Amino acid sequence: MTGLGSGLALAGAGVLAGWPRGAWGAEEELLEQTTSEYNEIMVTRRGSVLTMYFVVDGTRYIESRKDLDFPSSLDLDYSRTMMAGFLVNPKPKRFMMMGLGGGQISNYLFERFPGLEIDAVDIDPEVVRLARKYFGVPDHPNYRTHVSDGRLFIEEAEQPWDQIMLDAFRGVFVPYHLKTREAYQACLDKLSPGGVVVANLHNLTRMYPHDRNTLAAVFPQRYSFVSESGNQTTFVASASEQRVGTFEIRSNARTVAENFDFDVMGLSARYYMRSDWDPKASVLTDDFKPGDLESAAQRHNTTCIAGCAYPAN
């Protein structure tokens, strides 16, 4: 396991992350460590910074991070980039978050978009407990947390969402049954008219071309935004017949800028249309059924330690 005073860790989507403002010079204190059915989880404090880690094969991956001196800010690069969904659909009323973590993103949106209804879903009850205990996830009728597999939750939902955000990682990998054509079709089926799906992709992994082609097999409109570091891509997808152009993306950025505390216009400038993946990569498919959940979770937890050899059908 990485030492608590090492000063570097891997971010939840797999990039090296230095400590944020206010954290230098302070030793990292372990607040709580637990092992659930799905994850080994650590919560630490270093100066003003709280961090939730998932530990995989001795390596700590940042799942969520909160600076108590700046509690209403998005502290991680990739989380700011994932706000790109608001540049395609700027006025969602119902929002679904797959993968709660410490609630960094869903807390932020709850504070900054009054009236937004949020459903935050995580399969691990320990993650939800720790998010409430340390990271301030509230108990509110408009901010509902659910302990469930994200795919099953979407498939069983009765109401659509205006934005579905996919950020369910274990280490650098997403469980296979959450990233197949069938999983994305389930998301598409639960989008409202004009709704968007927002996915966090690591563009340096070998699965990136498969992820891109799988999403393209389901969604007719697709938009890519690169993170500030350049290591991650936020993929925004919709079923709309009409494409949102560059001018409208920037116009939407101006519309929502007052809701954010970072450079949203700069985010709109990181929209790109070039192809940065192999168009021949295979589309990921599955025949997942609810009864397969336990075996799917176990298979993911064991194979991903050795490199997460997803099948490519």
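Even glycines carry a Cβ here, placed using N, Cα and C.
These come from TrEMBL:
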- 6-247: domain 'PABS' (DOMAIN)
- ASP167: active site, proton acceptor (ACT_SITE)
By a three-class reduction of DSSP, ASP167 (active site, proton acceptor) is assigned coil
Model confidence for the domain 'PABS' (6-247), as mean pLDDT, reads 90
